[in-house]
Amino acid sequence: MRVVGLTGGIGSGKSTVSGILAKLGAKIIDADLVSREIMEKGKEAYNEIVDCFGKEILDKEGNIDRKKLGSIVFSDKEKLKRLNEITHPKIIDKIKKMIEEEKDKDKVIVIDAALLIETGLYKLVDEVWLVVVDIDTQIKRVMERDGFSCEEALKRIKSQMPLEEKIKYADFIINNSKDLRKTEEQVRLLWQRFDRRSYFD
């Protein structure tokens, strides 16, 4: 079994790349989905987050409103740090279990995580694949996808590790600034060598 860590900044197009990899046969573990799951009512991180940030982050049904929580933590570095301290260990534990439960030993598992490096998830993988995009495209994508203003989009981008730092951890870089066909070509080339190698190691 091989484990790839797929990362990139918000709006870099990680989801596009993980979608291509899923079609090629990879098992995708989406860290954002895991994060959402552990915040659900009755799940691992729910009580701790509500105790820390107050009931004002809840919607009418008592669920954590991620937009409300986001507006708090992305305006205050200390609060973001506190949220990460609560959630990151639980996300790592859950993903470790998901990898351990995979029965197909020839499978390539891809951990799709914006915070792969910051959380320490990169220590679980054999290779780190970094998706990069030019800053103007990144801002535009975040604004369109999340309905943010330019200022809000920049705030989210700047809250993450700078690209120059992420590059230091990357084994391979996928440039997603151009059209989808170019991105697919890069991903297929990486997949072919990685997938082939998994059978001969």
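For all residues, glycine too, the Cβ spot is worked out from N, Cα and C.
Taken verbatim from Swiss-Prot:
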{"type": "DOMAIN", "residues": "3-201", "note": "domain 'DPCK'"}
{"type": "BINDING", "residues": "Gly11, Ser12, Gly13, Lys14, Ser15, Thr16", "note": "ATP binding site"}
Taking all residues of the domain 'DPCK' (3-201) together, what is their mean pLDDT?
92
Surrounding CB atoms that lie within 10 Å of the CB of Gly11 (ATP binding site), all protein chains:
24
So for Gly13 (ATP binding site), how many other CB atoms are inside 10 Å of its CB?
22
Using a 10 Å radius around its CB, how many other CB atoms surround Thr16 (ATP binding site)?
16
Excluding Gly11, Ser12, Gly13, Lys14, Ser15, Thr16, which residues of the same chain place their Cβ within 8 Å of the centroid of the Cβ atoms of the recorded ATP site?
Gly8, Val17, Val131, Val133, Arg141, Asn176
Under a criterion of Cβ-Cβ distance under 8 Å and sequence separation of at least 6, what residues of the same chain contact Ser12 (ATP binding site)?
Val131, Val132, Val133, Gln138, Asn176
Which residues, sitting 6 or more apart from Ser15 (ATP binding site) on the same chain, put a CB under 8 Å from its CB?
Asp112
By the DSSP assignment reduced to helix, strand and coil, which category contains Gly13 (ATP binding site)?
coil
List every residue in the same chain as Lys14 (ATP binding site), at least 6 positions away in sequence, whose Cβ is under 8 Å from its Cβ.
Leu6, Thr7, Gly8, Asp112, Ala114, Val131
